[in-house]
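Asks: Below is a structure I'd like to ask you about.
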């Protein structure tokens, strides 16, 4: 219940309101409060001031009288004898105002030369003691006109006018979804009025959680508002939804819960669950759980109302599965040069993606082995993914075979006094490397992908042939290389230099002879244009430069 500011109410209670009604001034008083009725007669020589009231049927009743320089004397003998007094300004003070005080009170002043009367009409207002919604409905049904409740404004004067509100917006009777009936009951003892207003209302879905109140704006000033009331809105089910509650992705072995959600209020509590070719009736629950699903459980599922089987909802369920089979798998040992056929079989509920790695390094494509080499040895792993679901399979391939020397070479040492012999071989298991001579600083590379490199350092004193031999359990291979001493290499280099010089001299002589023949022919011929003469001159210069260049090389 809400009141206006207390200050405003107090001011209203202590202020008399004057208005002109039927030629008389009217004073409005507040029920239960002290009422001051003014005596608006100006007489400086007043001798006697008297107050009286109209008993009805023209009969007057005395209240009190006051002579100049004397106290007022109460002359009333009825209900007013304990309630009346006179203020210093000659106003009549009437305590505990009640509805029976709504009559005419007259002030009479006797002066030395005249007698004057001032009649005043009194009206008493009383605000309702409060607003309350009673006889509230337990629930409201959509589309059905139902008595929502009764709003009562008790003990008021004049009778209160009641307004119904929904969410603080006034409701107006329309003869269809809103009906308002008001009645007033008057207390025969106090004369106060009690107003009752009955609201009949046809609810809608939107009225769920709506707040209904009633209010009155009384003539006395303050607005009263009742406490809000909310109602349960009932309506039959119009829509139904089947929810699938499961892990994502749903895979074999998981549990699936089916939940049937209906929009009725109150909501249905019993449902039929259609599990492919089987129907299960569930009472006092809206869920059904399927345990340990398999791939055969994929399909359409439905739920419906028991009392209305035509109202149903459906949902497709897919049980994801991903099976892979890599053949062969595990540890595989093959001979070099053989073929290996890797077969990956996939059984999946969707479109999978396949990726391969070799020794944890991603491969660009699926491995194919038409002719196995030692470098094909390693761990191959495939990963098949379908959404969040993935499977892996692997094979450990070992390629074995007799060793083969791929290259036998030599080079000068860094100090120029030694020679380094290099033997590169392939084979598996790791081949053992031996040399036909003893060298120094042996160096062997790591055995990777069936390859090994072995180096030794030698200082040959004479020309000799050195062989490298590689062996393992499957066989052996040998290759030889000629190694010359540094003295023979120096002699060979001298012979090479002499040969180069002689060759250059012979080339110079040939070019010179060709030039002489050319010049001789040029002098015998004739040229008809200046352009040909210029061209001949340029060619002669080129030949001369070439001869000069070869001569310099010969000198070197």
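All residue numbers here begin at 1 and follow the chain in the order shown.
In case you wondered, yes, glycine gets a Cβ from its N, Cα and C as well.
Look at TrEMBL and you will find 529-556 tagged as compositional bias 'Basic and acidic residues'. Summarising the annotation, TrEMBL assigns domain 'Ig-like' to 32-123, 128-232, 238-318, 337-396, 403-484. Per TrEMBL, region 'Disordered' is recorded for 524-556. Here TrEMBL flags 1-23 as signal peptide. What TrEMBL records for 496-518 is transmembrane segment.
So that I understand the layout, could you describe where these features sit and how close they are to other parts?
Replies: Mean pLDDT for the domain 'Ig-like' (32-123) in this predicted model: 91.
Note on the domain 'Ig-like' (128-232): DSSP counts are 3 helix, 56 strand, 46 coil.
With helix defined as DSSP H, G or I and strand as E or B, the domain 'Ig-like' (238-318) counts 3 helix, 42 strand, 36 coil.
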Asks: Please list the DSSP helix, strand and coil residue counts for the domain 'Ig-like' (32-123).
Replies: 3 helix, 48 strand, 41 coil
